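As given in TrEMBL:
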- 174-197: region 'Disordered' (REGION)
- 212-378: domain 'Helicase ATP-binding' (DOMAIN)
- C439, C442, C479, C482: Zn(2+) 1 binding site (BINDING)
- C448, C451, C466, C469: Zn(2+) 2 binding site (BINDING)
Amino acid sequence: MALTPSYFDEGMLIGVLTTQPLDRVLDYRAPEGGCHLGAFVEVPLGPRKVLGVVWGAGQGDYDISKVRSVIRVLDAAPMREELMAFLTRAGDYTLTPMPAMLRLATRAPGLGDPPSMRKIYRLGDTTPDRMTDARTRVLDVLRDMGGLSLTLKELAEAAGVTTSVVKGLAKQGVVREEDSPRDTPFPTLDPSYSGKALTEDQTSASATLRAAVATRAYGTTLLKGVTGSGKTEVYLEAVAECLSQGRQALVLLPEIALTAEFLTRVDARFGAKPAEWHSGVTITERRRVWKMVAQGGAQLVVGARSSLFLPFRDLGLIVVDEEHDTSYKQEDGVLYNARDMAVLRASICGAQVILASATPSLESWANADAGKYAKIELTSRFGAAVMPDMRAIDMRTEQLAGSSWISPTLQRAVQKRLDNKEQALLFINRRGYAPVTICRACGHQIGCDHCDARMVEHRFLKRLVCHQCGETKPLPNVCPHCAAEDKLAAVGPGVERLAEEAQSLFPDARLAVLSSDMFGSARAIKAEIETIASGGADLIIGTQLVAKGHNFPLLTLVGVIDADLGLQGSDLRAAERTFQLMRQVSGRAGRADKPGQALMQTYQPEHPVIRAILSGDEQDFWAAEAGERRAAGVPPYGRLAGIILSSTDVQEVFDLGNALARNDGPLRRVGAQVFGPAPAPIARVRGRHRVRLLVKAPKGTALQSALAEWVAPFRLKGELRMAIDIDPQSFY
Ligand code: ADP
Ligand code: ZN
């Protein structure tokens, strides 16, 4: 194979990958002054100018007289070969066309714009014509800044004056106004700023991780530890090691709501905050992060899964916190699992990966078991905290009135905590008020007009909401089917309805409801979580949002309203998910010095999963679960791919599904089987009919190439769409 040159002189034929949906790299000529491999460029495409990256030498198979020149090279560091290789391999793995992969890596607006400037203010060297209180305050603030500068807004705010006061001083030269690049480096993190004194367990874990990072080579470690054992403290030590080497680190969190707390901890450990990358970050800040990551002006990034595609200059460590969390799987657009892609990128750029969790996924458990990942365990909670006592409440023997869900046993337990001035948490994994709205006259259930899904009543919003497509409508008082008036009734509990019941049972308790849809921003969630942590509520009613990594030191009781909920699905991971969720939720109790208790309401206390959760016998649970999956030949002991076909025309989707199933030669040749087509569990979403096929193959099969060969002959005409989901996590 010919070596790809790293520089192309003016006029040389180059291949440019663009973000446009074309199935090939296009030939262009290098511009005046030449260009680097990986350079971000603007190229002509028909009448338009589009963004692209110099991907290699040109193919030369296009009419040479028609090849056009690159318009300009953008003012951004060229993409490193490591990232080019990562995009290529991630694209091959997920069967995603390269333009879509490139879009993932260029999600910052105005990449090619010249560095944008802003005005900053610092102390000048003249004195004002006359002093006022306001002017004194401005000068005091600037003196306190010790030579550092502020923007107009920051300075006016800090001094408590209007911006015209600052402008007035600037006119006289008392304050100097300067232009400064908007995209500034992030404050330096100091790895030796302040570490906590670690326990013996934590010390040895952190030493192992530091040693791994010091190798500057690829490796993955599963860091398993019960909630509150100090996993975060420990992996921050690995981050410290990485920063001391001058390399960059990335910490992935499953939920934006967790970043605020994490930033505070990074600040305490390293003396400054890291860069943030997620959907809540402003457009200008995103561009700054993207540029600084590429230039080395950001040492640590904390972010959502998409931060894996940032142009790091020298990435040395990726931490995937709560690695079992399902939100690491992107379920639309490019279907990828950030946990797996983290391992892929690290293996390409010589970085370490730490997968942290109290309840690892079976995938990671199996990889550690097979020796592919190293494994470190923290078995006890930090300080005096112990794991909660776990018990089932057998709902078959409880007396419960209709439309109520808190059993007498659970009520007594909550009352006891309230009497002792301790906190209790009631958990239900369902947003909204009620999952079903039914007409008592005709039995009609209100559904979404565009999806085969019931609308969920959200009383807080005073609307019905479709959890599939997000469509909302006001709650009618007339049945849309039989026109009966005032016959519509809510059926089943959601978090809002549970809060209503709790408030009537415990009228004096101060309630806090935590559900992801009830807050406008991550900051609002953070504020509510802080209020709860400091004792501003007695009784917390929450959804999955509370299960993820928050510290509530006063909480001593967790009541799970419906422990059976997750077991009902046909999902192959139903048992695993229930096990993880129940253990995560119950881990919220008893984090400080008071022991905690977890009570789980269930109609099937003998169910093996419920028994495993109660006994805490993890090793047994995983061994049994692994045994079943091995026998069934499903992940992590076999391979799966989901094919989702959709169209507005139901016949068209089934025809394509049947044609695929009939022509399965390429799959059979590698020992893979195809099941289906079958209507998807949610057979219509946003007006599109959905059909699924499932491909199952033995572990070690070269599945992607077989899949690609299989679907290649089928042209997607008109409204038809096909998505291929490698290692599917959800089957809706
Ligand atoms: P995990 O990530 O395993 O849930 P954390 O790292 O969040 O655990 O630790 C739980 C709590 O205990 C946090 O408030 C943390 O600051 C505290 N903690 C853990 N280890 C130590 C330590 N060695 N010294 C002081 N506080 C600690
Ligand atoms: Zn809908």
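Numbers here mean position along the shown chain, with the first residue as 1.
Backbone N, Cα and C define each Cβ position, glycine as well.
Features per TrEMBL, on structure.
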{"residue": "C439", "record": "Zn(2+) 1 binding site", "contacts (Cβ under 8 Å, 6+ apart)": "Q445, I446, C479, H481, C482, A484, K487, L488, A489"}
{"residue": "C442", "record": "Zn(2+) 1 binding site", "contacts (Cβ under 8 Å, 6+ apart)": "C479, H481, C482, A484"}
{"residue": "C448", "record": "Zn(2+) 2 binding site", "contacts (Cβ under 8 Å, 6+ apart)": "R454, M455, C466, Q468, C469, E471"}
{"residue": "C451", "record": "Zn(2+) 2 binding site", "contacts (Cβ under 8 Å, 6+ apart)": "C466, Q468, C469, E471, I682, R684, V685, R686"}
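The number of other Cβ atoms within 10 Å of the Cβ belonging to C479 (Zn(2+) 1 binding site), over all protein chains shown, comes to 21.
Classification of C439 (Zn(2+) 1 binding site) by DSSP places it within a strand. With every protein chain in view, the residue among the binding-site residues C466, C469, C482 whose Cβ has the most Cβ partners within 10 Å turns out to be C466. Residues belonging to the domain 'Helicase ATP-binding' (212-378) score a mean pLDDT of 93 in the model. Other than the site residues C448, C451, C466, C469, same-chain residues with C-beta atoms no more than 8 angstroms from the centre of those residues' C-beta atoms, the Zn(2+) 2 site, are G447, D449, H450, A453, M455, H467, Q468, G470, E471, V685, R686.
When the region 'Disordered' (174-197) is classified with DSSP, helix, strand and coil residues number 0 helix, 7 strand, 17 coil. C451 (Zn(2+) 2 binding site) falls within neither a helix nor a strand when secondary structure is assigned with DSSP, and so counts as coil. With respect to ligand 2, the binding-site residues C439, C442, C448, C479, C482 contribute C448 as residues with a C-beta closer than 6 angstroms to one of its atoms, given in sequence order. In sequence order, R440, A441, G443, H444, P480, H481, A483, A484, K487, L488 are the residues of the same chain, not among C439, C442, C479, C482, whose CB sits within 8 A of the CB centroid for the Zn(2+) 1 site.
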